[in-house]
Every structure is written in C-alpha cells, then in structure tokens.
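Engineer: I'd like to ask some things about the structure below.
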Amino acid sequence: MAAIVRLSSMCRRGVKPLFYQSPLLSRPVAALQRDHEQQHLPTARIHSSQALHGSDAKAASRHWTAERVLSVVLLAMGPVAYFSPGPVVDYSLAAALTLHGHWGLGQVLTDYVHGETKVKIASAGLFVLSTVTFAGLCYFNYNDVGICKAVALLWSK
Amino acid sequence: CFLFFRTFARRGVCLSKPHYNALCRHVAPMGSTAKEEMDKFWSKNTRLNRPVSPHVTIYKWSVPMMMSITHRGTGIALSGAISAFAVAALVLPGNYSYYLDLIHSLSVGPYLIGLAKFGIAFPLSYHTYNGIRHLCWDIGKGFKIPDVYRTGYIVLGLSIITSLALVVM
C-alpha cells in the first residue's frame, strides 16, 4: 500500500515548535513500504490514526478548538458584564464559567489520573461537580441578586 | 504541563522523501493510537509497582515552569471557588445580602479586606493574562525562548498592577 511517508524529526533536524503552522502536519499518514527492503533498513514506527474511524478521529481536535473558542468568548464577557450587567449576561456567564472550568479540570484529570477505572470515577465526579455548579449558579441568578450584582456588591465593601 | 508539551514538541513531524534520508528510510504504522500506547505504559508500570523517576523534585525550576503550574493552580482555585459559591447558594439558608451584611458586621478592618480582595483579584488577573498568553501560543506566536520570558514577565507585571488597581477601586 503506497502513500505519502512522514518521518519523525529525530531522523533529521532538531526541535520544531508544537503548533508549527503547516498543512502537512494535520494528521499522520500511512507509510511507503517496500516490503523486501524492510528487514535490512532501520524502520521508524509511527502512530497511525486508522484505529479511529470517521468522527472519532476529529473529536479531539474539535474539542481543542472548542476550548479555545470558549476561552475567547469568556474573555469578551468580562467587559460586557462590567458595562451592561443583567440577567442575560448572568446566565451566559454561569454557562461559560462552568463549561470553561469543566473542560479545564478535565485536562488536569487527563494529565494526572491514569488507569481505566480511576479515570471513569474521576470523570463522573467532575461531571457531578460541574452539574451542581451550574445548577447552583442558575439558582442564584434566579432567586437572588445574580452574578454581576453579586460581584458589584462584594466589591463595594 | 508545560514540560509535557515541550516533550511532544520534540516529536514534531516533518515531511521528507525516503530516498533523501539515509537514517530512517522506511516507516511502519504501529496500528495503535497514542492514547492506547499511553494506557499500556501506565497499566504495565502500575502493575509492576514501579516508582516514578524523580522529575519536579530534581529538575531546576524555571520561570516558565512556575508560571505554567501557577496557571493551572489559579484555574483550579478559581473553579473551586465558583463551585463552592454555587453549592453554598443551594445549601445555605438566607440570601446573598444577608451573608454580605454578616461579613460587614465582623468589622475586620481595611487591611484585611484589602488582602482578601487581592486574594480574589490576583488569581483572576493572572489566569486571565496568562490565558491570553496561552491563546497567543495557540495561534503560533511567541515561542522563541526570549519571547516566552518577556511575555511571562509582562503577564506577571500586568497581573500585579491590575490586582492592586482592583483592590483600591
């Protein structure tokens, strides 16, 4: 099966920055193989994404992009909350803050928790925490002064 | 977290024609994903009860390292504070004004109030400014080491100034 080969940089050059802007880097591709020569020459082993099919392969990449988009949205909400506080901003802030925190803590989990059962338990715990947080913030927005007013009142003392 | 990403930066891939390269002419796909390989690493090493090699305890700490873990720490702290607030809103009787008046009546004194405000303002400012720095990295800007340090100091400076400004507001 012939296709374009892509080799690891340890073969040639040194460090490349992680998010080097190149269209060639979007995903690994299959190898150019000359089977009769493989036994004699050093072979670099690469990860092929063929184990993932269709939407799975793009899911992680899309999640990454969504995280950055949400970060920018949350950044923009700061001035908006300051200059035009109100219920719309309160509920949007509740959603954006909770989701940003949920995804952020999810990355912390991925980095430090290993082992299938531990990951499952921790993820479930995180999900409960985020749900309760969102519920609590919405409850506060509905039954009390709301997030923007709360910050203003807290700071006025 | 920062070190983790730098390790993977060294594995960056580049396109090359096989017959130009004497060292690695042929590539064979492994048939497993990186995630599967990582899971195999962890399950094997926990099963064999192997200790983790010293890393953060022996490696010389640098400003970028400290800023990276501080970004994570402030993120966790802010998230925790929001969750605690949300749970309190659900569980505690009485409304927000009641608890605010309660804190007012304690008459803690201006310096302690200022300190508490700084304690809230600084993590928020730092996480926000360093977050912008992260977003710059995500679009590919600011990776040269002098730039990493320069933007880092700018973030630190802006965070302190903004926090102080918020405290006196």
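For all residues, glycine too, the Cβ spot is worked out from N, Cα and C.
Copying in the features that TrEMBL gives for the protein in this structure:
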- A:68-85: transmembrane segment (TRANSMEM)
- A:His100: heme b binding site (BINDING)
- A:Tyr112: ubiquinone binding site (BINDING)
- A:121-142: transmembrane segment (TRANSMEM)
Engineer: What does DSSP say about A:Tyr112 (ubiquinone binding site): helix, strand or coil?
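Structural biologist: The three-state answer is helix.
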Engineer: Please indicate, using numbers and ranges, the residues of the same chain that are 6 or more beyond the transmembrane segment (A:68-85) and have a C-beta under 8 Å from a C-beta there.
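Structural biologist: For the transmembrane segment (A:68-85), the sequence-distant neighbours (Cβ-Cβ under 8 Å, at least 6 residues beyond its ends) are 92-93, 96-97, 99-100, 103, 146-149, 151-152.
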Engineer: List the Cα distance (Å, whole number) between the residue listed as 'heme b binding site' and A:Tyr112 (ubiquinone binding site).
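Structural biologist: Distance (Cα to Cα, whole Å): 19 Å.
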Engineer: Which of these binding-site residues has the least crowded Cβ, counting other Cβ atoms within 10 Å: A:His100, A:Tyr112?
Structural biologist: A:Tyr112
